[in-house]
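Notes follow the structure.
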Amino acid sequence: MSLIHLRRLEAEAIHAIREAVATFSNPVALYSIGKDSSVLLHLAMKAFYPAKPPFPFLHVDTRWKFREMIAFRDRMARELGFNLLVHVNQDGIDQDIGPFSHGSNVHTHVMKTMALRQALEKYGFDAALAGARRDEEKSRAKERIFSIRSAQHGWDPKRQRPEMWKTYNTRVGQGETMRVFPLSNWTEFDIWQYILREEIPIVPLYFAARRPVVKRDGMLIMVDDERMPIQPDEKVLEQQVRFRSLGCYPLTGAVESEAATVPDILREMLTVRTSERQSRLIDTDEVGAMEKRKREGYF
Amino acid sequence: MSYVQSIPPRDIEAHLAEHDNKSILRFITCGSVDDGKSTLIGRLLYDAKLIFEDQLANLGRVGSPGAANGKEIDLALLLDGLEAEREQGITIDVAYRYFATSKRKFIVADTPGHEEYTRNMVTGASTADLAIILIDSRQGILQQTRRHSYIASLLGIRHLVLAVNKIDLVGFQQQVYEEIVTDYMAFAKELGFASIRPIPISARDGDNVISASANTPWYRGAALLEYLETVELDPMDQAKPFRFPVQMVMRPNADFRGYAGQIASGRISVGDPVVVAKSGQRTSVKAIVTYDGELATAGEGEAVTLVLADEVDASRGNMLVAPGARPFVADQFQAHVIWFDSSPMLPGRSYILRTETDSVSATVTALKHQVNINSCIREAAKSLQMNEVGVCNVSTQAPIAFDAYADNRATGNFIIVDRVTNATVGAGLIDFPLRRADNVHWHALEVNKSARSAMKNQLPAVLWFTGLSGSGKSTIANELDRILHAQGKHSYLLDGDNVRHGLNRDLGFTEEDRVENIRRVAEVAKLMADAGLIVLVSFISPFRDERRMARELMEEGEFIEIFVDTPLDECARRDPKGLYEKALAGKIANFTGVSSPYEVPENAELHLQTVGHEPIDLALKIEEFLEKRMDDE
């Protein structure tokens with residue numbers, strides 16, 4: 001009997017997670033609090049049952065996440081009892097880097113890419129599991145499940161190793177690390193279907209509710225705290241919105257929606273005509289943006 | 001990325017259940033550069049309305065030479081996601097895309113056509129059920145068409161679509177199509193595909209991609225998508241024996257000991273007997289543990305944790321198997337090897353061989369032949385160059401458990417990893433174990449090494465002198481040999497030139513022959529050390545890999561690498577045999593230091609600089625090292 005689709009994806013992911021643990025001495029899972037991270041966390045709980053995942057979860061905090069995300073993160077760590085590490089780039093705090101003052105590029109580079117590099121070095125992690133999927137973006141479609149990074153954390157597409165069957169080459173040289181993407185073959189739709197079936201808790205921002213938003217550059221930006229500057233010609237409106245993807249609140253657009261439950265979201269997805277990354281400002285600021293960021297060490 | 005279209009579902013749960021139960025077809029597109037692979041997938045997704053609006057809008061933003069007129073969309077750009085791909089207009093790496101229609105789900109790997117990136121085509125092919133081979137109607141069958149067809153068949157892909165593309169550019173002529181199909185069928189006869197379905201298409205304009213084209217009234221078959229939706233795949237073989245490669249042992253506490261892994265084939269139920277493949281220990285399955293509760297039975301593909309009835313020794317790399325149908329356990333076997341690396345595969349060189357969960361040192365003991373991909377004819381070869389396929393005898397340092405690849409894709413494959421760069425340099429498909437591995441066992445000798453060396457009152461050692469020709473290796477080794485002899489020690493000097501007059505007289509100075517030269521002398525040194533001797537090996541041995549291989553043959557601490565370090569000009573000045581003069585005049589090919597590289601040792605036990613030192617003093621230094629080693633013992 002062949003496995004049905006979701007169980008096949010689940011087994012493939014569990015295999016990759018275990019493989020990272022079996023072959024690396026100090027792995028970590030990157031936890032960004034979004035839906036993919038939530039699925040990754042759930043799969044890690046499954047992979048080592050009856051034990052807990054034998055690695056910590058690292059959240060690279062940019063200080064500009066939605067407040068609900070941070071509350072959710074702390075609640076999950078408490079309830080599931082996993083080891084949560086939070087890292088913020090102190091240099092970025094000292095320079096008071098932010099998306100409004102410095103723009104999305106500088107903010108993302110300093111508070112995400114550099115912060116991640118710092119954290120990996122600080123704890124000496126040799127492998128970092130992450131919930132990235134190939135269907136998110138064109139350069140992600142080219143990623144391996146086990147993806148080698150240089151000692152400078154850079155991704156070189158031409159140095160990617162051939163990856164045949166489930167026989168992964170997990171050897172790294174001095175200073176090199178591995179990024180591991182167990183959810184590579186999942187689509188956005190699979191993620192939601194799995195969240196439904198497994199009843200995985202997710203941040204409430206994914207569900208439609210009335211939220212204060214400003215229309216800016218064709219996107220609906222939620223006013224999450226007082227740091228958001230409101231231009232004279234802008235108006236804060238209460239609208240029924242939700243998020244398809246979560247990042248820093250000033251860089252993440254909301255979509256108008258009535259979908260208030262996971263089945264609603266799935267139903268909505270069957271008719272939607274835009275990709276989830278459309279609402280992510282950082283993907284569209286230039287052509288090849290994601291690839292460039294990955295070369296610098298973004299995950 | 002894309003979802004089932006056109007149903008505004010009321011009952012979402014029922015819809016999801018139906019969606020989840022659809023079969024999945026994993027396929028690749030392959031063929032030569034510019035045959036239109038990326039365009040074809042782009043067209044499939046576009047015509048099936050599976051592309052998001054923002055992604056389409058993005059194509060307009062991406063400037064590319066191919067889409068310069070701004071009117072036509074360059075569909076290839078949907079797939080070619082890397083900067084270098086957009087610049088060069090080629091596919092470098094595999095792109096995976098996911099889509100579903102009302103009939104089936106698809107995972108497609110768009111693989112590169114360029115020969116340089118064959119490794120990435122193999123990456124996509126290793127997990128595919130079907131391959132679409134594209135052919136440009138104007139070009140016909142090219143070398144890459146043959147290479148990819150051969151690799152697809154080698155990797156176990158059973159079904160093929162022959163997409164005769166750009167049919168619009170030859171005026172939709174039936175004759176052109178027929179000729180290509182006839183040519184291809186003649187070539188592919190040897191490859192043993194279960195089915196080959198030719199379809200005339202135009203990926204750019206969409207002829208016969210989603211629906212039948214009016215431009216090809218002479219073609220009566222299904223359009224590509226319809227065929228992909230309905231092609232019958234081989235049913236999973238229920239009867240395959242149980243195989244469970246042990247991925248890790250879970251021991252969260254003293255009461256629980258489980259073996260985690262993904263079932264490679266067959267089924268297992270609680271109570272079933274199993275055997276540990278490598279040791280033959282028998283036990284049975286006490287429980288199948290998962291987060292969602294214990295299972296009574298589990299089958300192929302499931303990632304589970306097995307608890308066994310007895311304490312057995314089964315660590316990562318071993319396999320739990322059905323007692324009645326066991327895999328091979330051997331340290332020598334024949335395999336087909338696809339080579340990826342720019343430095344060639346050399347028989348005798350030590351690599352790391354990795355199966356799904358096992359990892360051992362391995363060497364290719366014989367390259368039996370390579371396969372010419374144009375003709376499928378076997379040709380003699382001494383090494384495998386990048387993108388070549390060869391049939392090899394492989395020897396591993398410890399036995400591994402495996403099946404023939406033809407019987408089991410999961411337990412019959414391996415990859416080859418370079419010890420220095422850690423790159424994946426090759427992929428292997430196991431054919432069968434070699435009989436000698438089954439029948440020749442180590443003979444346990446009554447009088448062993450320690451008995452022999454105790455009688456001689458010495459510690460056996462292999463003193464490996466490496467350095468350029470003329471650096472002074474043999475001179476120092478000679479001095480040392482004299483000192484040891486005077487002390488009543490039992491030693492023997494193996495000199496490069498002398499061994500080449502006898503044991504190795506059949507070898508030349510090519511890279512392959514040098515590797516074999518070192519392998520043989522290392523084996524001889526090992527036997528002599530086993531006899532209790534202190535062996536002095538004076539060989540240029542220019543490559544780190546071979547010195548490491550020799551080191552690994554010996555026991556821990558027995559191999560002592562001595563780097564005789566003399567600058568090249570000094571060696572050339574001494575030129576005791578007049579070789580440098582000849583080499584510099586171009587009269588000797590592959591001369592180390594002149595026309596062939598010398599790789600300096602990185603972790604030699606002794607580093608001797610000869611300039612300004614007398615050979616006797618250097619020999620005494622080595623003797624001191626040996627004294628100290630004896631005292632430490």
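The backbone N, Cα and C atoms fix where each Cβ goes, glycine too.
Unlike curated records, TrEMBL annotations are generated automatically.
According to TrEMBL, the feature active site, phosphoserine intermediate maps to B:S541. Taken from TrEMBL, the feature GTP binding site covers B:31-38, B:110-114, B:165-168. Look at TrEMBL and you will find B:G467, B:L468, B:S469, B:G470, B:S471, B:G472, B:K473, B:S474 tagged as ATP binding site. Annotated domain 'Tr-type G' per TrEMBL: B:22-236, in sequence order.
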Residue among recorded positions B:T111, B:S469, B:S471, B:S474, B:S541 with least C-beta crowding, 10 angstrom cut-off:
B:S474
Which of the binding-site residues B:G467, B:S469, B:K473 have a Cβ lying under 8 Å from any Cβ of chain A?
none
Given the binding-site residues B:K37, B:H114, which one has the fewest other C-beta atoms within 10 angstroms of its C-beta?
B:H114
Go through B:I167, B:L468, our binding-site residues, and report the one whose Cβ sees the most other Cβ atoms within 10 Å.
B:I167
So if I draw a 10 Å sphere around the Cβ of B:K473 (ATP binding site), how many other Cβ atoms end up inside it?
28
B:G467, B:G472: which of these binding-site residues has the highest Cβ count within 10 Å of its own Cβ?
B:G467
For each of the binding-site residues (B:G31, B:D34, B:G470), count the other CB atoms lying within 10 A of its CB, then report the residue with the highest count.
B:G31
Secondary structure at B:S471 (ATP binding site) (DSSP, helix/strand/coil)?
coil
Per DSSP, B:G31 (GTP binding site) is which: helix, strand or coil?
strand
Spatially, which candidate from the recorded positions B:G467, B:S471, B:G472, B:K473, B:S541 is nearest to B:K37 (GTP binding site), comparing Cα atoms?
B:S541
Can you check what DSSP calls B:I167 (GTP binding site), collapsed to helix, strand or coil?
helix
Between the C-alpha atoms of B:G31 (GTP binding site) and B:L468 (ATP binding site), the distance in angstrom, to the nearest integer, is 47
Does DSSP give B:T111 (GTP binding site) helix, strand or coil?
coil
Quick check: of the recorded positions listed here (B:D34, B:T111, B:H114, B:I167, B:S541), which one has the Cα closest to that of B:L468 (ATP binding site)?
B:S541
Using the Cβ centroid of B:G467, B:L468, B:S469, B:G470, B:S471, B:G472, B:K473, B:S474 as the reference point for the ATP site, which residues of the same chain not in that list have Cβ within 8 Å?
B:I540, B:V564, B:T566, B:C571
What does the structure give for the C-alpha distance between B:K473 (ATP binding site) and B:I167 (GTP binding site)? Integer Å is fine.
68
The rounded CA-CA distance in Å from B:S474 (ATP binding site) to B:D34 (GTP binding site) is 58
Nearest to B:S471 (ATP binding site) by Cα, among B:D34, B:T111, B:H114, B:I167, B:S541 (recorded positions)?
B:S541
Out of B:D34, B:T111, B:H114, the binding-site residues in the record, which is closest to B:G470 (ATP binding site) when you go by Cα distance?
B:H114
